[in-house]
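Below: the structure, in structure tokens.
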Amino acid sequence: MSAAAPKWMDVANNTHPRWHRDPALRMNVFYGLGMCLLIATNLDALAVGGGLMQGFQAIPAWQKFFNFPKGARLGLYSAAYFLPSVPSAFLGDWISTKYGRRACIAAGMAFVFVGTLINALAINVGMWIGGRATIGVGIGMSKVAAPVLIQEIAHPRLRPILGSCYQTFAYIGSIGAALLTFAGLYIPGNWSWRYSSLMQILGPGMILPILWFCPESPRWLMKQGKVSEAHQMLATYHANGDMEDPLVQLELREINAALEREAKMQQVSFMDFTRTPGNRKRLGVLILMAFSLNWMGNGIISYYLAPILRSVGITEPIKITLINVGLAIFNLIVAVTSSVNVDRFGRRPLFLVAVVGMFLTFATIMGLSAGFAMTKKSAVGAAVVPFLFIYFGFYSSAFTPLPVAYTVEIMPFNLRSKGVALFTAIATLGNAFNQFVNPIALGEIGWKYYAVYLGILSFYFVIIFLFFPETKRMSAEDASIVFDQPHRLGGGMFEGRGRGSSANDTEVVDMDDAGSDVKGNDIFVDEQKRA
């Protein structure tokens with residue numbers, strides 16, 4: 001099966017070539033981008049605290065209320081949300097698998113709602129940390145189901161873009177957080193930061209109504225034996241209601257074939273990631289993608305922008321906040337541009353070019369920071385600012401849109417929510433450690449600490465070049481078996497050719513042949529078998 005001519009592109013489909021002129025695709029985009037926008041904005045920017053924590057550190061009232069935190073204490077405040085989201089990610093996997101993707105997101109939003117109120121109305125540090133921890137529980141649950149639901153309801157030709165936009169739209173939250181904290185500079189007293197925290201409540205308030213109308217995953221529905229509901233969903237959102245549409249029929253056959261193949265296995269558990277060569281490769285990619293969210297130098301800049309700028313002589317709160325806003329807007333433009341072109345450029349080229357660019361610009365930032373530390377010349381310190389933008393331009397072109405999307409698409413259905421739960425837990429633990437250690441290391445050795453991330457970037461380049469396969473223009477089912485196909489693994493710069501794989505890999509099913517005698521509503525699903 002050639003990646004250049006995937007089967008879904010070869011069949012007729014009752015949709016307009018331009019998505020914005022097609023009713024079904026407009027709804028597909030509305031629910032997909034709506035979930036991306038609201039969940040990623042609320043969870044990955046406002047609630048997680050990347051945008052708010054940057055902004056808070058520039059607000060004098062927040063600094064005073066929390067007794068000017070720095071070092072280990074600032075690291076604790078930044079990481080307070082992370083630990084509760086680790087166990088809640090696994091709870092999210094259970095809810096998502098048993099009750100559906102929408103139920104999991106709704107439960108997570110309830111925790112975010114409560115945590116936001118505690119956070120905003122905190123009367124002491126302990127209460128504020130407790131609010132962040134409650135938000136963390138909701139985030140851990142919602143982040144498991146949201147990216148999976150987005151990719152599983154998306155039309156095949158929209159799936160790469162919608163999946164990539166999930167993490168990308170976090171920058172809208174970062175912009176909102178930066179603007180809120182900028183306005184807070186002109187509000188007297190503690191409400192200068194309390195109102196920014198309170199605004200997080202808008203996220204759950206908008207997400208829940210969308211969830212009420214949003215369709216459930218057709219793959220989850222078929223797993224539960226609800227074939228007619230899955231068929232209706234696919235027809236409605238992928239073919240304007242045409243139940244006999246060739247693309248809808250193909251998707252039903254592919255999903256059914258994948259579920260039947262997975263039904264032959266034993267009860268699914270997290271140990272399945274270690275049982276076959278293909279799954280072990282998936283696990284390796286998952287771990288690297290999880291750590292890439294905050295272990296490529298961006299963790300320092302994202303969470304400690306204000307201290308970094310102060311370290312190079314930029315100390316005025318308004319200047320720091322405006323740089324924060326400008327950086328978020330720039331990141332959003334780059335990430336959206338990359339997201340809508342992900343199937344044009346391919347995953348591997350985006351990853352590799354980004355890592356090389358990040359290495360070169362981060363090395364420059366390190367050199368300028370060292371120069372300022374030795375000379376104290378303001379011109380040297382100011383020169384860091386444009387390189388922060390260049391660094392994040394490379395980061396946002398690949399490591400904003402792709403880590404979550406790539407992780408979801410390489411997972412087979414039976415491991416998809418478990419994979420995202422594991423991704424969330426690993427990313428959270430790595431982030432918590434990273435954010436606790438960063439302020440300590442920056443305080444102790446300053447710019448020398450940047451050298452650690454240059455080594456990490458070098459490691460990522462080698463691993464991505466050797467072991468990351470391309471999934472360009474594949475359907476969800478085709479991408480999910482890419483690690484089980486020997487000719488798709490290994491070394492080429494853009495195609496990933498070269499390595500073979502063990503015969504112990506998961507069986508590969510040709511989706512053209514599998515379930516070829518199955519058509520539309522005639523699909524027979526044993527509900528006990530699917531349960």
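Using N, Cα and C of the backbone, Cβ positions are placed for all residues, glycine too.
The domain 'Major facilitator superfamily (MFS) profile' feature in TrEMBL is assigned to 35-472.
Residues or ranges marked as region 'Disordered' in TrEMBL: 494-531.
What TrEMBL records for 29-54 (among others) is transmembrane segment.
What TrEMBL records for 74-91 (among others) is transmembrane segment. Same-chain residues lying 6+ beyond the ends of the transmembrane segment (74-91) with a Cβ under 8 Å from its Cβ atoms: 47-49, 53, 57, 66, 108, 111, 129, 132-141, 143-144, 303, 421-422, 424-425, 428-429, 431-433, 435-440.
Among the features that TrEMBL reports, transmembrane segment is placed at 103-123 (among others).
TrEMBL lists 169-187 (among others) with the feature transmembrane segment.
Positions annotated as transmembrane segment by TrEMBL: 283-306 (among others).
Residues or ranges marked as transmembrane segment in TrEMBL: 318-338 (among others).
What TrEMBL records for 350-374 (among others) is transmembrane segment.
Marked as transmembrane segment by TrEMBL: 380-408 (among others). Beyond the transmembrane segment (380-408), the same-chain residues lying 6 or more positions past its ends with a Cβ under 8 Å from any Cβ of the stretch are 147-148, 151, 160, 163-168, 170-171, 285-286, 289-290, 292-293, 296-298, 301, 308-309, 312-314, 323, 326-327, 330-332, 334-335, 337-339, 342, 347, 350-351, 353-358, 361-362, 364-365, 368-369, 371-372, 416, 419-420, 423, 471.
TrEMBL lists 420-437 (among others) with the feature transmembrane segment. Remote same-chain residues near the transmembrane segment (420-437) are listed as 72, 75-76, 78-79, 82-83, 85-86, 89-90, 92-93, 140, 143-145, 147-148, 270, 273, 283, 286-287, 289-291, 293-295, 299, 303, 403-404, 407-408, 411 (criterion: CB distance under 8 Å, separation of at least six residues from the stretch ends).
As annotated by TrEMBL, transmembrane segment applies to 449-468 (among others).
Sequence-remote contacts of a segment are chain residues at least 6 beyond its ends whose Cβ falls under 8 Å from one of its Cβ atoms, and for the transmembrane segment (318-338) they are 51, 54-55, 58, 164-165, 167-169, 171-172, 174-175, 178-179, 181-182, 185, 305-306, 309-310, 345, 350, 385, 388-389, 392-393, 395-398, 400-401. Regional average pLDDT for the domain 'Major facilitator superfamily (MFS) profile' (35-472) in the model is 84.
Long-range neighbours of the transmembrane segment (103-123) within the same chain, counting only residues 6 or more positions beyond its ends whose Cβ lies under 8 Å from a Cβ of the stretch, are 39, 42-43, 47, 88, 92, 95-96, 130-146, 149, 194-195, 197-198, 200-201, 203-205, 207-208, 211. Within its own chain, the transmembrane segment (350-374) is flanked in space by residues 296-297, 311-313, 338, 342, 380-381, 383-384, 387-388, 390-391, 393-395, 397-399, 402, 446-448, 450-451, 453-454, 457-458, 460-461, 464-465, 468, 493, which lie at least six positions past its ends and keep a Cβ under 8 Å from the stretch.
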